[in-house]
């Protein structure tokens, strides 16, 4: 059995070199050989309960480390992560999907092998829809080159890729003797110079310029450069919901999350009255724009992403986000006085009213005072996200959420990926009860690997985001006793919380209980939603009926 | 708002007429309008915790009722059931996937709406790979016709179909004024007559004919006709694993599950020494054929399915399973003496050895004595299935399992679908601990709707099927205290079982505890696997390495 320079070994080396030091997944017979190679390598394989959990964990890992990987078996594993891969595609998270598959020698005569769907290519065809590059490593002559090509695409486009290894190829030697002409994405220098001149003039001439930073600042690792730009120019900075935490939100220039009619009034008015809106790496999605309630004037905007650059109504070809941001640090943009009200800062002290039933608003005030430099907030879809958007986090990329694709069930498994990506943080997981019932039992994985998130379950007995749109029994869910889950898993600390003092006690105990997870079952009135969610639901409701 | 004769109402009527009296799913904003229509209709909507559970439940329902339906939202719901739909495709289960989606009026200018992946057709493109017919109901003029066309395909091919409803189409009136030319699948009468003559002659001339009945006997509802054929001719009948329970396994002509080297010796020798093997509705898959260890002589075979008919080495076009089975009841096949040993019957009395640790073999002996006419056995993948194959069930279609596609996590949610399809049965769920950790918390749905399966968790601390192939830490899972789950869900009865007497006590208590589910945590030695699994794993192991 040749393993040195084998296709499997080469893939593992390349994953490790690119930052994927952990791979998440569930084994299966078509991928066992590769699992064994992984076990013997410097990469740690993390077993989740269900493949869905592995997919979300890998996505979170990718958002923090620049590359994530999920390794599953053919069809019964692969198709379980179609949804998590779709989310990584939609929200630009570079996840490598590695799937085992039947050996090339088993496919002759097209037999009915277990896990086969329509034909042996069905899974591959599906993942072509969900990735920016894909390959089946069925030829040792080209396998190494294919691995390089596909991983390069993940890193360039910050989107998922698909690598399928027929099980008889894992230990086959590959051919290292090739040259792959991977052209880096570099802006046209003259076009870049022109747009930088135009942007600098526009910014310098403006009375109220503002930066609106988006998700690509995280994905392209431009947080430090963004901070330099802010400090060099003193321009205030707002963020989109998906882009939240591009810089520390304790920074004096930070003015909040802009999300159209969903967001807070101060941020909205400041951004919408700007005469020079500098949008950097921002997705113009419905959620980011408050279901298109945003009122942003194109004529006042400078819009730069990895895909498109425009100033006012004209566009520049071949000008890319990273080059623009780096260039702007050297451009002739004048520093200015900071004139935003300094009272836009979090309430850091929280005084408990003993015996008072807890509300969403008071819960998030309390959480704001509880955050520290070591906290990474991971918000699931629903009020966990909308109320969570008003937390002030202490450092860059300390807030993760699926704020565009919006797949319920992200947060608990994402906390696994986040903590493996950065072992110095402790996740604060915000999750609705509906989302928790989808993937919350990945707490099992958390116990197995000794992780310690604090999980806040917003328990309002159903899909709270949907009730204001259109209600019915279909929005109800069973009431679980979430605080009893530690008894099933044999570890963890559970709290059943009705009042403000119970909340404070539980949070203090959770801080000291760092050896395993804590779960706080926060009983909320089903009618109690955050102001942001109320505004969003109203906007969505208008679109349900024709 | 026009709802009479609306597209949504029409779809609901057609689902109900075709037997889908329950629809399984999870709501979401793009499907809420249709959910509301469902709630106001005679169909009952069953909320599961996660869409995966709904997909498996609908699959089980379809296997019992001839049509199942799952209703989910766009992308974040739809892609979560890519895998369950693939299983329905692979194992021929007619599941209707109904997905809400953005309104046609919202898609103009291709905005970044939440849940969108690459473009608005991404989900549709994926489901085209997983279904036999698919449609997007974006045109009121053709919507009714499209619904009829797609549902007809599900019923004809017994495979899943996909119906997407943009949310602004739900309440739009459709156009009833059309004619759809749906040709029924009818055999060529002359070809049918010829194959029936040839088959009858071959059978009559044979010394040891045997029927090998497969999954299509369930899917095409031919169980009663099969029983008549057996009783008319007195030919012994074996079944494939996927086809298990085509007739009562207490029938004197039943000789067991044929699965090559995996199966029991008597059945294997009887089938392989047959000089006339009548395969009816049988998939020649690797699992059914004991990973191709089967030794069946084509020259002795009569092979009839909905797709292909052959005798010896020649094939007949335009001869279909149903016509062949009905025709065979009138064909000149002579009755014969039944000469199979009558000791091939289940051990119906089980004597407990007090304090003796329970083993897989003894567990299934005990379960065999516990089965009754009201039991439907639902086996998940792994030893739950392989050991379960040797249970003797009392009636037709009283054993469900994903014995070809083999997706872990089927059994618990499938029991939901099974009990809604037939409220007179009580499911006995056989599930490994690995599979349970994927979908077992759908017990929540079971509690919510007052169902009462008895769930047997084969707890051996990991993926027992994989250990004999290639072992490593990746085959381990966390030990849950499964018997404590009732404390989280607020209902159900849990048992922690180490010995034979504890097993017997728990089963007796479960029989009387019919108001909710029971869960039996059966602690097994990780090395203890059924003989069938040992044989299978050995066969699979030879194929992992090249």
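Note that Cβ sites are derived from N, Cα and C of the backbone, with glycine treated the same way.
These features come from TrEMBL:
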DOMAIN    B:7-108  domain 'Thiamine pyrophosphate enzyme N-terminal TPP-binding'
DOMAIN    B:196-305  domain 'Thiamine pyrophosphate enzyme central'
DOMAIN    B:381-513  domain 'Thiamine pyrophosphate enzyme TPP-binding'
BINDING   B:433, B:460, B:462  Mg(2+) binding site
Ordered by sequence, the long-range same-chain Cβ contacts of residue B:460 (Mg(2+) binding site) under 8 Å (at least 6 apart) are B:432, B:433, B:524, B:525, B:526, B:528
Sequence-distant neighbours of residue B:462 (Mg(2+) binding site) in its chain (C-beta under 8 A, six or more apart): B:433, B:434, B:475, B:476, B:477, B:526
Residue B:462 (Mg(2+) binding site) falls, by DSSP collapsed to helix, strand or coil, into strand
Mean pLDDT, the domain 'Thiamine pyrophosphate enzyme TPP-binding' (B:381-513)? 96
What other residues of this chain sit with their CB within 8 A of the center of the CB atoms of B:433, B:460, B:462, the recorded Mg(2+) site? B:432, B:434, B:458, B:459, B:461, B:463, B:464, B:476, B:477, B:524, B:526
Measure from the Cβ of residue B:433 (Mg(2+) binding site) and count the other Cβ atoms within 10 Å, all protein chains considered. 24
